[in-house]
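Here is the structure we will look at, set down as structure tokens.
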Amino acid sequence: MASSGWELAVNESGVLKGHEGAVLAVRFNGDGNYCLTCGKDRTLRLWNPHRGIHIKTYKSHGREVRDVHVTTDNAKLVSCGGDRQLFYWDVSSGRVIRKFRGHDSEVNSVKFNEYNAVVVSAGYDRSVRAFDCRSQSTEPIQIIDTFQDSVMSVHLTKTEIIAGCVDGTVRTFDIRMGRELVDQLGHPVNCISLSNDANCVLASCLDSTLRLLDRSTGELLQEYKGHKCKSYKMDCCLTNTDAHVVSGSEDGFIYFWDLVDASIVSSFRAHSSVVTSVSYHPKDVCMLTSSVDGTIKVWRK
């Protein structure tokens, strides 16, 4: 692992420009060949980040777009944001196939399940909602409303929905068993991500601390500090080897920590304002970051 320790994407290799105003999320697609971005300007954009090419813009949202996810076959997108709806898109035509309704307030996070048949969203209305992409209905097929505050982030495994909430919890819902597990972190959670082996949950909390939890036991394995995270929703993730933890910071910095001992192995100024999102390539040493400064940056080793 020591050799891979310095195989980090810390050198800027490109800038993607086109959004007007803050870029709120950047996401690699499943194979890492393309990426999607969304932001305050109410648009989604599809890019080839490796060649610095803007491919397509998707416009239909009436308010800022906060999150986007693409299916494993790259044929469909789902997006969410301030207008309370989920937009289900055809990638190639740019057409909105359906608008899913049901949230009473802004929607913060959205994901497809692995079969691309169900979309799960998390919102300010203290709920997580699931929608069936195959039916013509725009209404949710399931609502989980046991949260005490805004739900900021949602992830899916084959059998579970995992959500991070401002009430200081990470909640895991076993869809098959109809069972809920609650891990109390004691500080508002604004983002969660899964390790690549799916054994751990990384939670970004608004006390400028990232917390790593064992997914089966809920045990707190490690804490990562040094960045600033007090008021913004900021993504965190693990590198594709699971050897390092990555997060943005409200001062425009990016931090890399050693997963095991939580030491900062690299930190550098990436943007002129808050880093909203980080996305690590599934295979290569390559990372994307986005910022309130309106840019998306590509990083390599």
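Numbering starts at 1 and runs along the chain as displayed.
The backbone N, Cα and C atoms fix where each Cβ goes, and this holds for glycine too.
If you check TrEMBL, you get these features:
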type	residues	note
REPEAT	16-57	repeat 'WD'
REPEAT	58-99	repeat 'WD'
REPEAT	100-141	repeat 'WD'
REPEAT	245-267	repeat 'WD'
REPEAT	268-301	repeat 'WD'
Other same-chain positions with a Cβ less than 8 Å from the repeat 'WD' (245-267) and lying at least 6 residues past its termini are 5-6, 8, 10, 202, 204, 210, 212, 222-232, 234-239, 273-278, 280, 287, 289, 291, 293, 299
Rounded mean pLDDT within the repeat 'WD' (245-267) lands at 98
Taking DSSP H, G, I as helix and E, B as strand, the repeat 'WD' (16-57) contains 0 helix, 23 strand, 19 coil
